[in-house]
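**Q** Would you mind keeping the following structure in view while I ask a few things?
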Amino acid sequence: MKNEMLALILAGGQGTRLGKLTQSIAKPAVQFGGRYRIIDFALSNCANSGIHNVGVVTQYQPLALNNHIGNGSSWGLDGINSGVSILQPYSASEGNRWFEGTSHAIYQNIDYIDNVNPEYVLILSGDHIYKMDYDDMLQSHKDNNASLTVAVLDVPLKEASRFGIMNTDANNRIVEFEEKPAQPKSTKASMGIYIFDWQRLRNMLVAAEKSKVGMSDFGKNVIPNYLESGESVYAYEFSGYWKDVGTIESLWEANMEYISPENALDSRNRQWKIYSRNLISPPNFLGANAHVEDSLVVDGCFVDGTVKHSILSRGAQVREGAEVLDSVIMSGAIIGQGAKIKRAIIGEGAIISDGVEIDGTDEVQVVGYNEVVGVATDED
């Protein structure tokens, strides 16, 4: 039986610009907002959009990501007619090949896609923070009788040169694609979200592989090929909150924006929930010296210091006399007695020893996964 649309989430990126935070995990597995990992947003969008089959394409350091996703039950994707499949590079008869790019990762998983038998494939990045109804985008794709639909976001002209820019006609048909142009003609930036008619994309990828034509990347190769071939390629304009958290500064900024109950992501909207793996933790403990304001504090935290405009993830500790300001403290991290943290991201399981000061006033500071700063005590 043919399924209407299969979602494929590209989640194999290393995220080198996140430095210490991705030395041992893939970027989509990095924590966000105290309770989530970045990939939760794409997975939740799929679940809320009524997509029942999702493939997650992994490559770099996939263990934490695989454990987090599990069988997809946290997103309601573990039913008889639904599921999440983890797609990793594998050795085939022609030899072992790593994914060489975004579209090459899709080509390497043709057998899986054919088995699902979709009419359309939705290609997503697993490293953006946003809410989006993919069903609306699919309807636009159908209405335009498009071969390819690209989700675009209007960006300030001064920032347009950082993105792949789509130049369109009056009907939103894409007539030209420019990758990070020095002099952009448009402000419609690609979000890295695509809907393809599967058979057309399949035929193009197979033909390119047989002829040894480089077709490894959607932005650099596939979209230009579609335009040159005269395929009907349309833009789908998205106007909601969308954040690329590929740098330390942007990740910190997105977390700080998320703190507000009236944040642009509309995180408290119960009609479009963001789901995540639900780990059971004990209740929070606020000690006699605890002072917490304008902050998000998740289950299992121990606080006996001062926390202002910050996020404490599951099981984080802020001990007596410690001060945390404008910072993100990830799961299991410990801020020792008298330590002072300002404008920083403290990675999972990290230990900031007693009296240590970390000041990110000039540049957001980062402490890596399980990193120890200062001299740890037996209590840590």
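Glycine is treated like the rest: Cβ placed from N, Cα and C.
Sharing the record's features from Swiss-Prot:
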- GLY164, GLU179, LYS180, SER190: alpha-D-glucose 1-phosphate binding site (BINDING)
**Q** Taking the centroid of the Cβ atoms of GLY164, GLU179, LYS180, SER190 (alpha-D-glucose 1-phosphate site), which other same-chain residues have Cβ within 8 Å of it?
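**A** Checked against the 8 Å cutoff, the neighbours are PHE163, ILE165, PHE177, GLU178, PRO181, ALA189, GLY219.
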**Q** Suppose we draw a 10 Å sphere around the Cβ of GLU179 (alpha-D-glucose 1-phosphate binding site). How many other Cβ atoms does it contain, all chains included?
**A** 13
**Q** Mind computing the max CA-CA distance among GLY164, GLU179, LYS180, SER190, which the record assigns to alpha-D-glucose 1-phosphate binding, rounded to whole Å?
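**A** About 10 Å separates the two most distant Cα atoms.
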**Q** So for GLY164 (alpha-D-glucose 1-phosphate binding site), how many other CB atoms are inside 10 Å of its CB?
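**A** Within a 10 Å radius of the Cβ of GLY164 (alpha-D-glucose 1-phosphate binding site) lie 21 other Cβ atoms.
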**Q** For the binding-site residues listed here, LYS180, SER190, which shows the highest count of neighbouring CB atoms within 10 A?
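**A** The most densely surrounded of these binding-site residues is SER190.
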